[in-house]
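Student: Annotations per TrEMBL:
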DOMAIN    27-426  domain 'Major facilitator superfamily (MFS) profile'
TRANSMEM  25-45  transmembrane segment
TRANSMEM  65-85  transmembrane segment
TRANSMEM  92-111  transmembrane segment
TRANSMEM  117-147  transmembrane segment
TRANSMEM  154-175  transmembrane segment
TRANSMEM  187-207  transmembrane segment
TRANSMEM  228-245  transmembrane segment
TRANSMEM  265-284  transmembrane segment
TRANSMEM  296-317  transmembrane segment
TRANSMEM  323-342  transmembrane segment
TRANSMEM  363-385  transmembrane segment
TRANSMEM  397-419  transmembrane segment
């Protein structure tokens, strides 16, 4: 796969190479390690933590808030780290974030020793918040470094690396469920935390340093661009759909199909595998045929909305809930999510450059921070609202409500692209008419 060689030091010339340079290869290995490790640590909670929290006296709403607070503080930290990426240093931010993330994952494993009730809940929140801040540092730095190393293949590289995110989501739930069933609550967290910690010295050695000057632009100027604001809404809706499943799907499957915890993790497999497999394809198409991105964004959201209507399924459809149908819908949801998510980062980046943002690590930090922050908004609302709606109206209706958000964002994005197309046609027509008038005005002089 031909890829473009990224920028070297500031002021260096951009060259095109038909194979990966040593530096680019090291960047890919580092990014793959954080994608894999962080997603495994994130997804491990799904199969068994809701039940464990229930034993400690936490309601479904509180459990949803424990999942959701991760995203809230990821949001706040992403904005800060994106703004000050150049000042802190991308490599230091990446390595420090990974180190802290591994440490707090190990700490999560000893929370079963904490007394039940408010003490347990408070400790869960504190450890989860520390994990969120560390993850925000690592992933914001990772996105910026990737975009710097592969300036003309951002979507392809991000899509390809989603294989490792998907692999983390695939391995996390079944591995967590198996270790929980076999060895108890502590072992899954300690095992994964140690794996992440072992990756730290590797990344300290291989990850290159990128230096840049601070930029003049801000998050506020970025998010107030109408197109970027709508793309942020799309990112919110998609991350909310993913986050909704964390506190609700495992409980629904346990109640509806009476599966053991180890097998509940396998249900998540359909979503994660299809997302991991489809993402590189949509990334490649987004880079090779940029005008397809708008179609991916709109259609992906509409298909995702349909998936959530059928996830229960919604009672008005009078379709009986079956395990094979649930897994099939999750597979389709994984493909639609890849279709929608992968084009968002290059779309924001190209829109920023079109509106006067300088090309460099400073803008990449802003875009990376914005992407992570907007993802976190949805990832906070999804589990929090999902846990509440699950208690009040049940999984079937709660999933349908979640689907309406994806439908709204998809239709809004589609209407904006139609308006943008009409504006460009009008501008083009005015330019043609203006040129003809100038030519007509010059004719007498020429005669």
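Every residue, even glycine, has its Cβ placed from backbone N, Cα and C.
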Student: Same chain, outside the transmembrane segment (154-175) by at least 6, Cβ under 8 Å from its Cβ: which residues?
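Tutor: Non-local partners: 1, 3, 28, 31-33, 35-44, 46-47, 143, 146-147, 188, 192, 262, 264-266, 268-269, 271-273, 275-277, 279-284, 286-287, 293, 334, 338, 341-343, 345-346, 349.
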Student: Suppose I define contact as three or more CB-CB distances under 8 A, residues 6 or more apart in sequence; do the transmembrane segment (323-342) and the transmembrane segment (187-207) meet it?
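Tutor: The transmembrane segment (187-207) and the transmembrane segment (323-342): touching, no.
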Student: With pairs closer than 6 in sequence left out, are the transmembrane segment (117-147) and the transmembrane segment (296-317) joined by 3 or more CB pairs under 8 Å?
Tutor: no
Student: Along the domain 'Major facilitator superfamily (MFS) profile' (27-426), what average pLDDT does this model show?
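Tutor: Here the predicted model's pLDDT, averaged over the domain 'Major facilitator superfamily (MFS) profile' (27-426), is 82.
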